[in-house]
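Copied over from Swiss-Prot, here are the features:
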type	residues	note
BINDING	Asp34, Asp87, Glu159, Glu161	Mg(2+) 1 binding site
BINDING	Arg71, Glu159, Gly232, Asp234	DNA binding site
BINDING	Asp180, Asp182, Asp234	Mg(2+) 2 binding site
REGION	1-105	region 'N-domain'
REGION	123-254	region 'I-domain'
REGION	338-346	region 'Interaction with PCNA'
REGION	356-389	region 'Disordered'
Amino acid sequence: MGIKGLTALMRDNAPGAIKEQKFESYLDRRVAIDASMHIYQFMMVVGRQGEQQLTNEAGEVTSHLQGMLNRTCRMLEAGIKPIYVFDGKPPVMKGGELAKRKDKREEAEAALKAAREAGNQEEVEKLSKRTVRVSKQHSQEVMKLASLLGVPVFEAPCEAEASCAAMCKAGLVWAVATEDMDTLTFAAPRLARNLMAPKSQDKPVLEFDYDKVLAGLGLTPEQFIDMCILCGCDYCDTIRGIGPKTALKLIKEHGSIEKILEEIDTEKYPPPQDWDFAGARELFKNPEVMDTTGIALSWKAPNEEGLIDFLVKEKQFNEERVRAVCAKVKKARQGKASQNRLESFFGPPTIISSTIGKRKVEEKKGKNGKAGLANKKSKGVSGFRRSKN
């Protein structure tokens with residue numbers, strides 16, 4: 001879920017913390033990627049037509065593999081160095097959020113059945129996306145794919161985004177690539193959004209600088225965590241009626257959730273029953289993450305025959321296109337090996353600015369990119385069948 005309303009809050013109050021970057025400007029950058037979140041997105045949208053997903057001859061869904069293959073190839077061709085991190089066990093405090101998601105999925109499944117019976121194709125397409133489940137097998141298949149492509153792979157002990165943030169803080173990577181803003185709540189120095197967006201969307205990468213976020217909002221790291229909890233996070237409920245703007249105002253006035261509870265009208269703004277905001281705060285401050293000491297990152301040439309065995313023989317991908325992907329990646333490795341980062345070659349980044357009542361781009365306006373990932377079909381390796389969810 002991330003943090004509700006955090007992006008808009010930063011645009012309005014800390015615009016200097018956000019830069020629009022070109023995808024190509026990440027040449028030779030190491031980037032930790034929350035793979036589990038992107039698998040879910042690929043399962044929802046890649047190759048989908050109505051409620052039909054891409055499958056192999058055995059009826060196994062392959063949307064996640066096509067999506068990850070396309071995006072990984074694009075990054076490697078651009079000289080970007082991805083590291084994929086996968087979720088481990090969920091924290092106990094996330095149990096409530098996971099239960100809510102399960103309930104919503106079951107509601108969507110019931111509504112989907114009714115929409116099918118009514119012949120409402122628009123509702124069928126919308127609801128089928130809400131029933132998507134990412135299994136352990138899906139994650140393991142993407143791990144195998146990434147390894148065969150020569151990309152470093154890690155399984156976090158708990159939340160992937162927390163371990164990604166730890167890698168960034170340790171200086172192992174330049175940024176964390178994810179769409180979930182709570183990566184900043186884990187104090188990742190840089191967060192990159194849209195890095196995994198398809199090329200067809202032509203979206204600029206939005207890079208968020210953690211230190212500039214704190215400076216722009218006028219908060220300490222501890223206050224930023226409390227504000228995010230008030231906005232709404234995955235680990236606990238929040239106070240109904242208090243949105244992001246009010247959350248920022250209250251934290252700046254009182255300094256902590258404890259002080260806020262002493263001052264606000266709790267009849268008008270009743271806190272949740274048994275509200276464990278302190279537990280959520282501790283999870284953000286001291287999450288369970290992988291040990292970053294002694295990690296040696298390396299990117300290898302793709303294992304072409306291994307990819308043929310896995311993607312072509314097992315998953316029925318098109319062999320010619322898989323070999324073409326391998327050729328592109330190998331060529332890119334040879335071409336980028338001697339290149340150094342020259343940020344001036346790409347020009348200065350665009351700084352996001354804010355004015356009262358509207359938002360604008362200070363140096364130049366990037367394309368709006370209104371069509372989200374769910375509105376575009378990804379082009380790439382073909383050779384699939386379609387099956388209903």
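Residue numbering: from 1, along the chain as shown.
The backbone N, Cα and C atoms fix where each Cβ goes, glycine too.
Taking the features listed in Swiss-Prot, we show where each one sits on the structure.
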residue : record                : Cβ within 10 Å
Asp34   : Mg(2+) 1 binding site : 26
Arg71   : DNA binding site      : 23
Asp87   : Mg(2+) 1 binding site : 21
Glu159  : Mg(2+) 1 binding site : 28
Glu161  : Mg(2+) 1 binding site : 30
Asp180  : Mg(2+) 2 binding site : 22
Asp182  : Mg(2+) 2 binding site : 24
Gly232  : DNA binding site      : 20
Asp234  : DNA binding site      : 21
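Measuring Cα to Cα from Asp182 (Mg(2+) 2 binding site), the binding-site residues that fall within 10 Å are Glu161, Asp234, out of Asp34, Asp87, Glu161, Asp234. In this structure, the CA atom of Glu161 (Mg(2+) 1 binding site) is 8 Å away from the CA atom of Asp180 (Mg(2+) 2 binding site).
The secondary structure of Asp234 (DNA binding site), as reduced to three states from DSSP, is coil rather than helix or strand. Separating the Cα atoms of Gly232 (DNA binding site) and Glu159 (Mg(2+) 1 binding site) is a whole-number distance of 17 Å.
Sequence-ordered, the extra residues of this chain that approach the Mg(2+) 1 site, with Cβ no more than 8 Å from the Cβ center of Asp34, Asp87, Glu159, Glu161, are Ser36, Met37, Val85, Phe86, Ala156, Ala160, Ala162, Ser163, Cys164, Thr178, Asp180. Per-residue pLDDT, averaged over the region 'N-domain' (1-105), rounds to 83. Cα separation, Arg71 (DNA binding site) to Asp34 (Mg(2+) 1 binding site), rounded: 13 Å. The binding-site residues listed here (Asp34, Asp87, Glu159, Asp234) include Asp34 as those with a Cα within 10 A of the Cα of Asp180 (Mg(2+) 2 binding site). Annotation note: Asp34 (Mg(2+) 1 binding site) sits in a strand segment as assigned by DSSP. In this structure the C-alpha atoms belonging to Asp34 (Mg(2+) 1 binding site) and Asp234 (DNA binding site) are separated by 16 Å.
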